[in-house]
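Trainee: Here you go, one structure.
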Ligand code: HEM
Ligand SMILES: Cc1cc2nc3c(=O)[nH]c(=O)nc-3n(C[C@H](O)[C@H](O)[C@H](O)COP(=O)(O)O)c2cc1C
């Protein structure tokens, strides 16, 4: 294929004709503009430029294979690179690229989880911070998640010899010094240049387990390799990786993804079930509209999958579902074929009522994660604590038979303790790890783990226990939440519970 001149590429910088250079090849992405799950604006901002660096923040280079046939126009003539346009800089690069440590507080000054958000906000590009912090509609699910932990109080016991405490917990037989794990979060390349790799490094150094997102920036195999390498360095670390699964629409791809996760050695499949379509990420929408206007477009039209039609796929950064990752058609019956493909433990991520917890047991699942996706999906969804109380009230048998996980709004070791008192196996922590990654990379991930572990151990002592097995429901007062818990009433059809 003939080489393409940089000056010619530079001229194709509009929505009528948009060319970009990726990894030394020129691509005509005009017909792809409205199909790009990340939106047309980001491509237009990079029109006529070498977008490789920007592209690699979000995608593996293999993504270019998804472009329509005929998009590859050939290699760029290396002598004409200087004639390319320069990318339009509208945001600061991620923190690690501008020597963040010189400009931000020392990591030891972050002493509680909420401290990391303040630092992250000051170093992240606005788009990335918006992506991380956004929640559904006008934010009540997120607010409920954060507040409900404070609405349960402890009933501590005294004089119990609490000199030594042991906070070890097993998730499906895999032991960790910590009863919490790192929740899966997609597109971490927008947060830190090392993305999921630094999450894994930090996790291994502290022995905390992690669940890796389908929508990760780095490939499943890269992340698994990084895990192995870090384990070599930190001999004896018990950290295991589990895989968060967004089910692709296409069955062949869906099975292929399960096999990729199996091949990479992930120990469990966390199937996300609270996202048949993407929630309304309001602040993201505002930002997208602003960006569209900045490059001379009216508000960007929603793609067909964004409006929840047939080919709805996985949520990605910025409130747009990403092609090929998420099926809105999934039903309980799909779990039957998934089980044939995946022999290890399976967890349903996003159970939000007692009826579904019971169904999960009937369908032979191994665990359930009570979660409303960090308040990013259904507006005014129940907090995971509320769902746990429902389960304890209406189908307590589920608790001994399935491993029970909770996530959403956990910001303190004491929150972890409350969940465990009420019967949780372990809990997931999301944004605090993401914000810490943004500001401090792997060091931040380590620091969050240390903070939670210290708060937890201290909480155990002050509560009067020395091991997690001693935690009991009567050690907390959940009356306020119980008062508000759902009850079958005359409006309900006969409950199956
Ligand atoms: C060349 C072919 C490209 C393909 C096939 C592609 C594909 C995708 C897909 C599938 C997603 C959804 C999330 C994911 O799966 O990771 C996405 C999101 C995104 N892409 Fe691309 N992409 C391409 C080019 C680019 C380029 C050149 C840039 C930047 C220079 C870019 C920036 C982004 C961003 C920022 C998002 C997330 C944005 C949001 O959700 O608001 N992409 N892209
Ligand atoms: C930025 C961000 C990205 C996320 N990406 C995913 C994802 O790819 N898959 C998924 O199942 N959950 C995803 N979640 C939800 C988390 O796994 C988890 O349920 C939630 O963050 C827990 O709440 P917390 O952030 O308040 O701790 C994401 C959450 C955030 C904040």
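Cβ atoms are placed via backbone N, Cα and C, with glycine included.
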Trainee: Kindly point out the range from 45-71, 72-98, 99-125 that TrEMBL annotates with region 'Disordered'.
Mentor: 72-98
Trainee: Which whole-number mean pLDDT does the model give the domain 'FMN hydroxy acid dehydrogenase' (105-481)?
Mentor: 92
Trainee: Let's see if you can do this one: DSSP helix, strand and coil counts over the domain 'Cytochrome b5 heme-binding' (1-77), in that order.
Mentor: 31 helix, 18 strand, 28 coil
